[in-house]
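Here's what Swiss-Prot has on this protein:
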- THR73, ASP94, ASN122, ALA123, SER139: S-adenosyl-L-methionine binding site (BINDING)
Amino acid sequence: MSKENKTTDFGFTQVPWEEKQKKVAGVFHSVAAKYDLMNDLMSFGIHRIWKKQTIAKSGVRKGDNVLDLAGGTGDLAYKFCQMVGQQGKVILSDINSSMLEVGKEKLTNKGCVGNIEYVQANAECLPFPDNYFDCITISFGLRNVTDKDKALASMCRVLKPGGRSLVLEFSKPIIPLLSKVYDEYSFKALPFLGKIITQDAESYKYLAESIRKHPDQQTLKQMMYDAGFDNVEYQNMTGGIVALHIGYKY
């Protein structure tokens, strides 16, 4: 099937392959200004614990080059700036200009300057040299990428030998009762909160649907192997609602 006739998931809807990126962009242009507030409300603040665990597993040291991909408002990038010091460098990258602007303003106001750059880029074709980064993270961003396999391969290409890539993403709950409760919450509470806080229920309906369409833990693990990563492992968080996958490059 040619790309012209190919379709892909946009939540539970099938859309032409080339249209998904535009539709996802519309979602994040809409929610950017209140993204941090909604994250706190939707997860009851637990997203901060998930990100803290990701940072702890990153292995980032002073002098490292770090890519925070689909980095949005910069929660991880801010911590990495502190970890790499002035000898290192952090690149906060996002395909969405609105999210990137919010992240840049937020981190600048926090005093994060001198060792950070902001790059608008598509994860599927990263504009960086081969073997460049010591660590790459993508946090709650992979499920929004049209061609996930291509993005993972691009991440592997720009990762240094000896480096690691971390994918923090919603996944499949491993406790049946939790899965049912989570479905009820996702499909009813999230759009309601979106409507009240951002006047945009549809964007949060998409976000809930995109979580269900994202590959489960084992599938994503195999996708990372196929992309070229070594020794891929994952850790479930909050009963599998979220999983952290780590892939190395040797």
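Cβ from N, Cα, C; glycine included.
Mapped onto this structure are the features recorded in Swiss-Prot.
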{"residue": "THR73", "record": "S-adenosyl-L-methionine binding site", "DSSP class": "coil"}
{"residue": "ASP94", "record": "S-adenosyl-L-methionine binding site", "DSSP class": "strand"}
{"residue": "ASN122", "record": "S-adenosyl-L-methionine binding site", "DSSP class": "coil"}
{"residue": "SER139", "record": "S-adenosyl-L-methionine binding site", "DSSP class": "strand"}
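Largest Cα-Cα distance over the residues recorded as binding S-adenosyl-L-methionine, namely THR73, ASP94, ASN122, ALA123, SER139, equals 16 Å.
Sequence-distant neighbours of ASP94 (S-adenosyl-L-methionine binding site): residues of the same chain at least 6 apart with a C-beta under 8 Å from its C-beta are LEU69, ALA70, GLY71, GLY72, LEU100, GLY103, GLN120, ALA121, GLY141. The number of other Cβ atoms within 10 Å of the Cβ belonging to ALA123 (S-adenosyl-L-methionine binding site), over all protein chains shown, comes to 24. Of the listed binding-site residues, namely THR73, ASN122, SER139, the sparsest CB environment within 10 A is found at ASN122.
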